[in-house]
Every structure is written in C-alpha cells, then in structure tokens.
Amino acid sequence: MFKRTVILLAGPTGSGKTAVSLKLAPLVDGEIISVDSMQVYQGMDIGTAKVSLTDRKEVPHHLIDVCHVQESFNAVDFYYHAVQACQDILSRNKVPILVGGTGFYFHTFLSGPPSGPSPDFVLREQLTLEAQERGISALYQELELLDPVYAATITKHDKNKIIRALEIIRKTGSKVSSYAWQSTVNESKEYHCRRWLLSPDPELLRHNILERCDQMLEEGLLDEVQALLAAGIKGNSSASRAIGYREWIEFLDLGSPPDLFEITKQKFITNTWRYTKKQRTWFKRYSLFRELRPMGMTLDDMAKKIAQDYFLCG
C-alpha cells in the first residue's frame, strides 16, 4: 500500500518546536496539526502558549479550539480528529506536520486507538432513553461506581461517552479502562512518518521555561484563568488540573492573597519543569524519534534540515 508522508515534530515544553514548525511549514507547503492535549480547549490560550492568530493566518493550524472547557477530549478523540485532518490536508496536496509535546497523543497516532467491542445499537437506544428519563447525571454516577478510572477521564456533560461506556460495560461486563493500549509505538499503518524530537540542553530548557512562565503572567494568565472559572473549567478535571491553570485556580480560590503570589508562581515554574522532564523521558524511551539538538543551530537551520529530510524521503 502506498503511504503518504507526514512530518512529526515533538519536543518538551519550551524546546522551540512551535517556532521551528512555523519556519518549516512554508518550506514544505505544510499545515500544522497541534498535538497538545490542552490547546484543543477554547479560552485556554496563554497558559498553553497557543500560536497567535496572526501566525495561524499565515500557516493553517488544526486541532486548536475544537471544544469547550466543560467537554472532555482524550487520546481516542485526538486520533480520529488527527487522521481526518491529515486526510483533508493531503487531499489538497499539502503536507501534514504534527507538532506538540503530548507524547501519548503521538503514541496513539502511530499505533492507533485501543480496540473495543462493536457497537450495540439496541442497548445504546435503551441507554439514551434512560438518559432522557433519569438524566445524564444519574448515568454518570452509575459509571463512577462501575468504572471510576474511566469516569475520571470524562465529565458529567459528556453524554455520548457516558452512554458508550455503559454500553460496553453492560454488553461485556468489563470496564472501559480495562481495554489496554498498545505498549509500544509502531509504524503508522496509514502514513510514512518522519519523526523528529527537538532536544535542547537542559540548562537552555530551564532558562526558556523561566522566561515562558514570566511572559505568560505578563500577558494576562490570571485574567484568563478567571474567565475560565466563569466558563466552568472546574467541570473538567483534565483541563482544571493542567499545569499553569491548577496553581492559579487554587490561588484565586483563596482570594488572591498577595503573600501567596510568589509562592504560587514558584509552584507554577517547578511544576512546569517537572512536566518537561517527564516529557523528555517519555520521548527518549522510543528510538523512533530522531533527536535534533538546537545547539549552534538557528530556527531556519533546523527547519531546513527537517525539510531536506522530507524531500529526500517523502
């Protein structure tokens, strides 16, 4: 089977992957697919370092602002959205460039989502009627009792996912969370993937993170968190626990005490750095990503290197 080529550009927070991708896209006539578990949410802009609207006009981006903060979005959702975006981009003879730092999403894109039982439309209809009669909150409470692990990954507003989960449980007697993911990353069955990992020196990465956190606060992160609280972000456990949001949600809930500002800021920086180290560990676990060390290279240099590889192998 002939496979179309796509580019994967991964890296930890603060590695410069967004800046490189904006240089790369014009070189290969590409469009960018965000591989970030939080950039899918509307209103989570500053804290997720979303690319600016100006840059999005220059280079089309996909999988940004696709859902409300009260909705859940997981790796399975990402897989189907990303495949659809790839097909759309390729149909216009453009090059998909998947860019981000959510390793599990890259894993899912390469290996596919976990398998599950086939749909039972009769049972689904019964559950839909139950939702109308009892309310979707009652079904969510039932799911929390039967499969608390999976229930914690969605919200009480996710009607379709709640019904599908209960459908699986009632049909098979097994928890949704028991369906295992692939433990290894494989070659995508759909695409020929050129995989790159930006891997800056740890000291440079730490410096970038310090600057990044300061810049987010200067750009109005606290105002953004306040707006998200009004929009109901607490109804989504994943979004409200995201680094850069959970620290400041707690700060605002306490009444924004001035004496806790610096403590909260340091917690924000520390948590970001810890997450970055986890990202680096995750990506280096898989030899399928080719490391690109920025030392001595400009953004243009890195973009050209990836583009040359694409044209040689694409």
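Even glycines carry a Cβ here, placed using N, Cα and C.
The ATP binding site feature in Swiss-Prot is assigned to GLY11, PRO12, THR13, GLY14, SER15, GLY16, LYS17, THR18; the stated evidence is sequence analysis. Residues or ranges marked as substrate binding site in Swiss-Prot (evidence: sequence analysis): THR13, GLY14, SER15, GLY16, LYS17, THR18. Positions annotated as region 'Interaction with substrate tRNA' by Swiss-Prot, on the basis of sequence analysis: 36-39. Annotated site 'Interaction with substrate tRNA' per Swiss-Prot: THR102, ARG124, in sequence order.
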Near the region 'Interaction with substrate tRNA' (36-39), which same-chain residues lie under 8 Å Cβ to Cβ, leaving out any that are not at least 6 residues past its ends?
47-48, 50, 63-65, 73, 78, 100-102, 104-105, 238-239, 242
Average the per-residue pLDDT over the region 'Interaction with substrate tRNA' (36-39) and send me the rounded value.
97
Candidates LYS17, ARG124: member of the recorded positions with the richest Cβ shell (10 Å):
LYS17
Other residues near the substrate site, CB within 8 A of the CB centroid of THR13, GLY14, SER15, GLY16, LYS17, THR18?
GLY11, PRO12, ALA19, GLY101, LEU198, ASN208
In sequence order, which residues at least six apart in the same chain have a CB under 8 Å from the CB of GLY11 (ATP binding site)?
LYS17, GLY101, LEU197, LEU198, SER199, GLN279, PHE283
Could you state the CA-to-CA distance between GLY14 (ATP binding site) and ARG124 (site 'Interaction with substrate tRNA') to the nearest Å?
44
What whole-number Å value do you get for the CA-CA distance of GLY16 (ATP binding site) and THR102 (site 'Interaction with substrate tRNA')?
15
For THR102 (site 'Interaction with substrate tRNA'): DSSP state (helix, strand, coil):
coil
For the binding-site residues PRO12, GLY16, which one has the sparsest Cβ surroundings, going by other Cβ atoms within 10 Å?
GLY16
Can you tell me how far the Cα of SER15 (ATP binding site) sits from the Cα of THR102 (site 'Interaction with substrate tRNA'), in Å?
13
